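Undergrad: Could you have a look at this structure, given as structure tokens, before my questions?
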Ligand SMILES: NC(=O)CC[C@H](N)C(=O)O
């Protein structure tokens with residue numbers, strides 16, 4: 001990783017300058033306190049080496065990045081047929097919180113598991129005896145794949161989103177009305193808002209990502225934590241829908257499976273080589289970290305990481 005160590009700190013400083021072009025998400029009030037100028041990155045190789053630079057100690061909530069792993073949990077709990085009878089496999093081309101196509105396009109199931117409507121349905125498919133059991137299972141799974149027993153929910157961010165998440169609430173009621181969501185709406189949202197509020201550092205994201213880069217086998221313990229097929233499904237959605245409706249552009253400019261979140265996190269992988277966690281809370285208009293995307297574009301083009 002010496003080639004990365006040689007440049008990473010300088011490149012982070014250069015990309016950081018772009019943060020002022022973006023804005024921190026404020027629709028979840030608690031996120032508006034995020035450090036606007038911060039940019040951090042942590043890269044973990046499949047051999048277990050690490051390099052990091054910038055504000056990599058910044059704590060942030062996973063937000064939409066968590067949707068990768070709740071999808072994997074639902075697939076492991078229920079199987080492919082059950083999951084994909086309730087959520088589609090196609091990019092929507094709309095904003096992550098859009099409800100437009102739920103009514104416009106038959107059969108009224110969300111286009112994919114990464115837009116909010118799809119992720120809310122996925123939350124309802126996680127096995128468990130009520131929301132408390134499901135939340136405990138989510139935390140347990142996330143701790144296992146991050147190799148970090150102290151991962152936890154950020155209760156202030158959870159509460160802030162739960163108090164103000166009227167749009168997600170309306171999406172959920174719409175899905176209930178359509179017969180896509182069977183459980184109690186508030187119970188499902190309790191699980192959804194909580195998994196969005198799991199707090200991590202870039203190092204945690206990189207560790208979770210390296211598991212995907214290695215096809216589901218923990219490269220450190222050698223233990224298979226996720227079936228290869230489900231890793232393949234998750235990576236495919238990361239390419240087609242992971243950066244919201246900027247996924248096509250990201251695929252051209254960076255060419256790696258990735259998932260972003262409104263807290264400014266990006267989790268990406270170089271298949272078979274690296275897991276990468278980035279945080280840069282200032283977002284562009286499509287909801288992705290301005291400085292983070294810039295840094296990944298540079299890394300990918302300089303080191304020829306694109307899978308295409
Ligand atoms: N894009 C995101 O990260 C969205 C997740 C956020 N919790 C929401 O539902 O709005």
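These residue numbers are counts, starting from 1, taken along the chain as shown.
Placed from the backbone N, Cα and C atoms, the Cβ positions cover glycine too.
Whatever TrEMBL says is automated annotation, not expert-curated.
Copied straight from TrEMBL:
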BINDING   64, 116, 161, 168, 192, 244, 262  substrate binding site
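Can you tell me where each of these features sits in this structure?
TA: The C-beta environment of residue 244 (substrate binding site), restricted to residues of the same chain at least 6 apart in sequence and closer than 8 Å, consists of 64, 95, 96, 114, 115, 260, 286, 287, 288. Following the DSSP three-state reduction, the secondary structure of residue 244 (substrate binding site) is helix.
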Undergrad: What's the number of neighbouring CB atoms sitting within 10 A of the CB on residue 64 (substrate binding site)?
TA: 23
Undergrad: Report the member of 116, 161, 262 (the binding-site residues) whose C-beta atom has the most other C-beta atoms within 10 angstroms.
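TA: Per the Cβ count within 10 Å, the most buried is 262.
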Undergrad: Any idea of the Cα spread of the substrate site, 64, 116, 161, 168, 192, 244, 262, as a max distance in Å?
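TA: Max span of the substrate binding residues, Cα based, is 20 Å.
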Undergrad: Out of 64, 192, 244, which binding-site residues have CB atoms lying under 6 Å from ligand 1?
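TA: The binding-site residues passing the 6 Å Cβ test are 64.
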Undergrad: Which chain-mates of residue 192 (substrate binding site) that are at least 6 residues away have a CB under 8 A from its CB, listed by sequence?
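TA: Those within reach of residue 192 (substrate binding site), by Cβ under 8 Å and sequence separation of 6 or more, are 119, 120, 123, 168, 172.
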